[in-house]
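Presented below is the structure to which this report refers.
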Amino acid sequence: ALEPLSVGLGIGVASALTGYLSHPRFYCSYVECCPCDGRRLNASALKAQLDDRLFGQHLAKDVVLKAVMGFSNNPSPKKPLMLSLHGWAGTGKNFLSQILAEHVHPAGLRSKFVHLFLATLHFPHHDQVKLYKEQLQNWIRGNVSACPSSVFIFDEMDKMHPGVIDAIKPFLDYYEEVDGVSYRKAIFIFLSNAGGDLINKAALDFWTSGKRREDIQLKDLEPMLSVGVFNNKNSGLWHSSIIDRNLIDYFVPFLPLEHRHVKMCVRAEMAARGYVVDEEVVKAVADEMTYFPKEQKIFSDKGCKTVQAKLDIHEDL
């Protein structure tokens, strides 16, 4: 028979071990946990990453950094943070959203608390809009219940069927709770090519008038961008109640990239592959891109989107 002392000691050791293993600090070192309330983002680290990895987007970097840090430092926000990123392909919208997601949840897009929706993949059929709206509400409700600081990224907003995104309007509004769930710590990000033509025209006007692109301010673009997207039948936000109710905190414009910015992208890609940066290759890749307007050839019409593929051709060099 076991001695009472031995039994008691065994139970005590087991209890202590169970308590240690279940302690949040130990448990969360092996399993991803939702960040606790009061955790603030590292502003200097986020700024450094944006400066090092996102090129030619002074306006987007400044707006997003201030918006995100203000939201993170607010212990009791009145609503979720809602950002709508606009610009042509290859200008850095996806890149910025990934960097932001990584700073909220270190696993980034691999995190179970970061959710990426693609319009053409998740909402492909026009006749299924009602079903998509129900599924979207259930998905967001369930995930915010599990982690209040969940991040939701909606890509290809310009290809989304009008009306689908309005399903999330109750979660973006100024409600303390919706059906017992608070959404005020969540972040929602829209990515869209819609409005890109308006942004490009404004950037070209600045260039034509001899102004520096770095002098372009949010007030020069945001008003026309919000109106243009609202009235664009291909924007996914066409006549959306989300815009009508002023629930989007910032319409963030991504400017078209110039030849010098494409060269920055090439250098970054070469460094990421472990290559020695060769300026002849950098120039060759940048020169192979196509630029607009046809006469002046100022802006890359694909941004940096095809840099990786074009660099593959020059790998032997």
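Cβ from N, Cα, C; glycine included.
Automatic, uncurated: that is what TrEMBL annotation is.
Remark: GLY90 (ATP binding site) has LEU257, SER300, LYS302, GLY303, CYS304, LYS305, THR306 as non-local neighbours, by Cβ distance under 8 Å and separation of at least 6 in sequence. Marked as ATP binding site by TrEMBL: GLY87, TRP88, ALA89, GLY90, THR91, GLY92, LYS93, ASN94.
Mean pLDDT, taken over the domain 'Torsin-1A C-terminal' (257-312), works out to 95 on the 0 to 100 scale. What TrEMBL lists as domain 'Torsin-1A C-terminal' is 257-312.
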Those binding-site residues listed as GLY87, ALA89, THR91, LYS93, ASN94, and which of them has the most Cβ atoms within 10 Å of its own Cβ: THR91
All-chain count of other Cβ atoms within 10 Å of GLY92 (ATP binding site): 27
Number of helical, extended and coil residues in the domain 'Torsin-1A C-terminal' (257-312), per DSSP: 30 helix, 5 strand, 21 coil
